[in-house]
Amino acid sequence: MSLTNLFKLQSSLKPSGDQPQAIQKLVNNFKQGLQEQILLGATGTGKTFTIANIIQHLQQKTLVIAHNKTLAGQLYNELKAMFPNNRVEYFISYYDYYQPEAYVASSDTYIEKDSKINDEIDQLRHSAAGSLLNRDDVIVVASVSCIYGVGDLKDYQKSTLHLQIGDKYERQALINKLIELKYQRNEINFQRGTFRVRGDIIEIIASSSKEIGIRIIFFGNEIENIQNFDVLNGKAITNLKLITLFPASLYATNTQKLQEGIKRIRQELKEQINHFEKTNQLLAAQKIKMRTLHDLEMLEQIGNCNGVENYSRHLALKEKGEAPSTLIDFFGNEFLTIIDESHVTIPQIKGMYFGDFSRKTNLVNFGFRLPSALDNRPLKFHEFQAKMNKVIYLSATPGNYELTKKIPIVEQIIRPTFVLDPEIEIRPTHNQMDDLYFEIKHQTKNNQRILITTLTINMSEDLTAYLKNLCIKVAYLHSEIKSLQRLEILKDLRLGKYDCLVGVNLLREGLDLPEVALVAILDADKQGFLRNERSLIQTIGRAARNITGKAIMYADCISPAMQIAIEETYRRRKIQQQYNETMKVTPTALNKTILETISIKQKESAQNENENGKVKGQKKLQTHTNITAKNKEIKRLQKMMKEAAKTLDFEKAATLRDLILELEKKGKLK
């Protein structure tokens with residue numbers, strides 16, 4: 001990569017507090033050849049700004065991995081604001097809903113894959129892949145989706161189309177090439193991933209765009225002009241000398257490779273049928289034969305089929321057990337990886353491979369999929385480690401994995417604002433609701449915000465309803481809310497649309513909310529994952545960006561985890577107090593700009609009520625004469641279906657899906 005300064009950090013702020021020494025140590029360690037480091041940064045010390053400075057010093061492509069979509073979105077917004085002239089991309093799962101293919105042997109129930117793709121997030125994924133191949137100044141903020149298989153990097157590169165003015169290119173040849181790149185010709189519904197032909201003009205909407213199209217103007221067999229144009233009104237925006245057009249699918253492949261892949265699938269099918277027949281599993285042999293032959297016919301005819309990802313090993317011509325191609329391959333050999341909230345993200349990465357292994361094994365054993373489907377998987381942890389180059393584990397509470405590696409730990413405890421860690425109060429659970437209400441009213445008088453964390457979803461729902469009845473502007477942040485909607489809710493909290501946010505496990509790591517002056521932890525003394533020392537330290541830290549920040553633990557005793565969390569908080573607080581006294585500085589309020597959320601507008605309401613209940617058998621559907629009532633019922637069932645899929649209750653999810661389809665047949669959902 002060029003040594004010129006590609007990354008240009010733009011900010012009115014200068015490193016302060018503990019940031020200068022942390023930046024210097026981290027950069028020097030990398031220059032000395034160290035590959036891994038820990039940045040132990042207390043909440044609110046500006047770890048993201050420190051990382052931005054590291055990126056500017058190292059001048060390398062950077063992958064930032066967050067453990068949930070909310071944090072990924074927040075990091076994306078912050079880094080995009082700091083690097084306005086560089087490419088900052090967003091790569092998360094594009095599924096709004098995903099129910100995997102499954103077979104439940106106990107009831108002999110096969111459940112087809114069912115999913116809903118968010119087109120706008122898919123667009124952002126394509127933009128990330130294209131930027132990594134086209135530029136050196138790229139930062140990608142990703143969820144663990146980055147360790148899941150995408151198309152082969154070499155195939156994607158070979159499928160890239162370069163066009164420039166003056167090129168000799170027959171119009172029909174370009175049409176054929178676009179179809180090979182998975183673009184669909186559509187003269188009526190012109191949208192992302194399609195093209196249309198108007199005389200000597202071909203218009204394309206690339207996979208990484210939506211509002212800006214590409215217009216190729218021919219004069220005979222020569223490209224006379226290339227333009228960007230506004231898809232809405234058709235007006236030309238700029239004339240271009242050349243363009244690079246990436247495939248409409250990340251799973252692009254060429255015809256020759258596809259044919260070789262089909263041969264390999266046929267050979268494996270033959271071997272699997274022989275296996276089933278030898279073991280007297282004739283029904284399984286018949287099922288795998290019918291399914292695979294149908295898929296092969298579709299692959300031969302149109303180059304695609306339902307569940308094509310299950311044949312990815314063959315279509316990429318990989319060997320059994322070989323690591324899948326992922327977004328990480330698009331970074332090349334020299335790049336920086338930031339693992340945000342590493343104490344949560346590392347265990348998440350470790351667990352991805354095992355998550356659905358048994359589900360796929362069932363599909364293979366009972367004749368629904370070929371054994372090669374097992375290679376349609378995320379990276380194993382050792383494969384992920386092998387792909388890393390320079391790594392910073394970023395956390396206020398590093399996990400055991402990082403701490404046992406015996407790598408440098410760089411501490412960042414002093415905040416640029418010189419604000420101290422919150423004071424902690426322990427209060428009894430008796431009359432805790434009345435006490436909490438009093439605290440909320442006190443904080444809202446001072447235009448401050450409140451976070452409340454509970455142990456269960458039911459308790460969060462009940463508490464939200466209770467506070468609403470008391471006229472508190474409260475929102476409930478729960479797992480069913482879509483990733484981009486969560487960012488809107490957090491933004492609305494900062495803007496004052498809500499005074500209070502209630503949640504279970506979504507109010508811990510990384511939420512940057514300087515307006516929050518109070519964190520209330522209910523059932524703080526209960527033992528378990530949600531109340532271990534790391535969780536408590538992280539939760540307390542949500543109030544660490546506010547001068548008057550404090551945490552209230554409602555508990556009837558002090559658990560060992562509480563004791564550790566309290567001691568660590570006060571250890572940091574003491575260091576901060578001593579620094580402030582020595583340097584004669586005074587804590588100041590943080591006036592943090594409220595950034596726009598990711599450039600995708602949510603049409604749905606930011607708050608949805610949770611629906612609970614079980615589906616018992618084939619429940620008879622009520623007739624809905626009112627369209628609004630019918631739509632509400634469908635949405636209610638969709639929520640229940642998603643929840644069932646999340647808990648791997650595939651039978652319940654399939655039953656709900658059938659009920660939804662039956663309702664939709666009686667009238668289109670608006």
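Just so it is clear, glycine is given a Cβ too, placed from its N, Cα and C backbone atoms.
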Pick from 94-117, 142-165, 334-357, 646-669: which range does Swiss-Prot record as motif 'Beta-hairpin'? 94-117
In this structure, the one of the binding-site residues Thr43, Thr45, Thr48 whose CB has the fewest other CB atoms within 10 Å is Thr48
Additional residues around ATP, ordered along the sequence, whose Cβ is within 8 Å of the centroid of Gly41, Ala42, Thr43, Gly44, Thr45, Gly46, Lys47, Thr48: Thr50, Ala396, Gln412, Arg415
According to DSSP, which of helix, strand or coil covers Thr48 (ATP binding site)? helix
